[in-house]
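Quick notes on the structure that follows.
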Amino acid sequence: MPKVKAEKRCRQQRREGQGPGIMFNTGIGQHILKNPLIVNNIIEKAALRPTDVVLEVGPGTGNLTVKMLEKVKKVIACELDPRLVGELQKRVQGTCLANKLEIKVGDVLKTDLPFFDTCVANLPYQISSPFVFKLLLHRPFFRCAILMFQREFALRLVAKPGNKLYCRLSINTQLLARVDHLMKVGKNNFRPPPKVESSVVRIEPKNPPPPINFQEWDGLVRIAFVRKNKTLSAAFKSSAVQQLLDQNYRIHCSIHNVEIPENFKIAEKIQMVLKNTGFSEKRARSMDIDDFIRVLHGFNSEGIHFS
């Protein structure tokens, strides 16, 4: 490579926080956001305050991190790759930003989340779903999260009943939070470019949360969405589902000293609940949160539980 071109490339790498020897591991989602306009747009959407503690997951070489450090009290950056930790530390070393940065090395899914006000992250796509629910079940509540996801995953988060992307992820997320699609981000805005397009979403947890046992809720929704185009009546005819609910019902009756008739059949009781609630012929693909709440209440009032 000619000397002029080599020097130009090194200058570009320094601006993007990429050391000349760094090889990104795309297998764990290392696609560094390099477009400063998008970085600034994400930070603007987060509406950061000088008193904020920000959680960042997958900071990479710190393009988002450095900009946020200039605006907030503290950034807690969670990074899996020790090489990138070193790059990030070198980037702030000797500056007034260094004492505002805390780096946690390791898998964010396997550690307890710290206290934070806002989460801003270009998230590794492989951990998108488990991280969203780790975030939404985290206490104390945070104000909001601005997160980059694979485009289709982001669209599933915001999908409404009747949309072909509407799924268990959609309704579970929307039960616990308000979710908004903010912007599309093309693959050429990353180094190296991923194979898919991206989107940025805003997630704001509902505080207080709905008075629903989430394990119970998710148990019901999981059954309904296994075949979201089937009627609920058909979905609940699965032998595995009936076996689980029969076991749960017998435990409930034992705890509450309820006698079970000798000719009891859980299948008949399930169909009775679905008919009485009016959802026997409904399909999960077209049911909203209120619909599922009514179904869950119908089952629970008859002693049938999902957790």
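Cβ atoms are placed via backbone N, Cα and C, with glycine included.
Listed features, source TrEMBL:
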type: COMPBIAS; residues: 1-17; note: compositional bias 'Basic and acidic residues'
type: REGION; residues: 1-22; note: region 'Disordered'
type: BINDING; residues: H31, L33, G58, E79, D107, N122; note: S-adenosyl-L-methionine binding site
type: DOMAIN; residues: 38-207; note: domain 'Ribosomal RNA adenine methylase transferase N-terminal'
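E79 (S-adenosyl-L-methionine binding site): 23 other CB atoms within 10 A of its CB, across all protein chains.
If you draw a 10 Å sphere around the CB of L33 (S-adenosyl-L-methionine binding site), it holds 20 other CB atoms from the protein chains shown.
G58 (S-adenosyl-L-methionine binding site) counts 25 other C-beta atoms within 10 Å of its own C-beta, drawing on all protein chains shown. In the predicted model, the domain 'Ribosomal RNA adenine methylase transferase N-terminal' (38-207) shows an average pLDDT of 95. Considering only the binding-site residues D107, N122, the Cβ with the fewest other Cβ atoms within 10 Å is that of D107.
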